[in-house]
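Enquirer: Sending over a structure as structure tokens; questions will come in a sec.
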């Protein structure tokens, strides 16, 4: 796949022709072509599946685990105070009612952190 | 009995394009009616019609390809072209929303306080749940590749395991995003920041749900022995779509969550 692109730079070939050949290479549906296009750079044949299985359990899922831990720890350090309310005119816009409920609350409205245009609910 | 002397698929007459078109019309007009007159009838009707159309149309394609053998190599090539063109159109769809985001954020107006994020907006910390979401989608890209190789190598059980893992990661992303939406201190009504954030990430989330559904159908078909090690284009199309969804997230993360914070 890469050699096709290099050829388009070295020889005076139109970009469209190069793209056409690239897409042709991708679309040839014989098995070896498909495997070469879509398999990992490392490993061929029987080994490729094993490579990706190893990557899954050694890199990908532990990576998710680390990020989960990081999120959990950071969350603990948060103050869970209600953010201060300032009645800015460029926020909490209500040009048109929401089509549900009383028309004043967004779809994922959270009374603790989402003030209405007048302020937090229950504080008026 | 007459036989065709070519390798192409002359599809039998089908009602689904018509029902799909009617469904799309009812959905769009229904959405407008709901917004202005608070009546959900047309919208619901359109949604049901569209869902029924999708189920039956794609069921027919599976019948034609897997059971009746109509998907010869040239036919499959056409299907590949089709999927590539569709994903390309989706790329342009998202490009529009990124355009809107950069238009508003590169030159923030005085009404916003002349800064980005606008005054009064506390953006989400990109290194908390958004980073976790990035890891989840990247991991799902690895698992879906594992699934593909498993299918190609005829490892049925591993294919089912890896595909299930991919779908679970997709669900986990959706769950995390929904939590983020609920916990966010800003809403879609918070000026252009809220609009660009929720429309771009919202459409992305919808595509994650669509992609997860597509993969779930592939899981079902894999369990039912539809795929062979040489011929499994439905799965490849789902994997391509899933990688596209992943790439869109990476752009969202870098632009809106990270640069935009």
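Cβ coordinates are placed from backbone N, Cα and C, and glycine is handled just like the others.
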Enquirer: Tell me which range among B:135-155, B:240-260 TrEMBL lists as transmembrane segment.
Expert: B:240-260
Enquirer: By Cβ distance under 8 Å, which residues at least 6 away from the ends of the transmembrane segment (B:159-177) in the same chain are close to it?
Expert: 129, 132-133, 136-137, 139-140, 143-144, 146-147, 150-151, 201, 205, 208-209, 211-212, 215-216, 218-219, 222-223, 227, 242
Enquirer: Out of B:16-34, B:40-58, B:240-260, which stretch has the largest tally of CB pairs under 8 angstroms to the transmembrane segment (B:79-102)?
Expert: B:240-260
Enquirer: Report the mean pLDDT of the predicted model across the domain 'Heme-copper oxidase subunit III family profile' (B:4-261), rounded to a whole number.
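Expert: PLDDT averaged over the stretch: 97.
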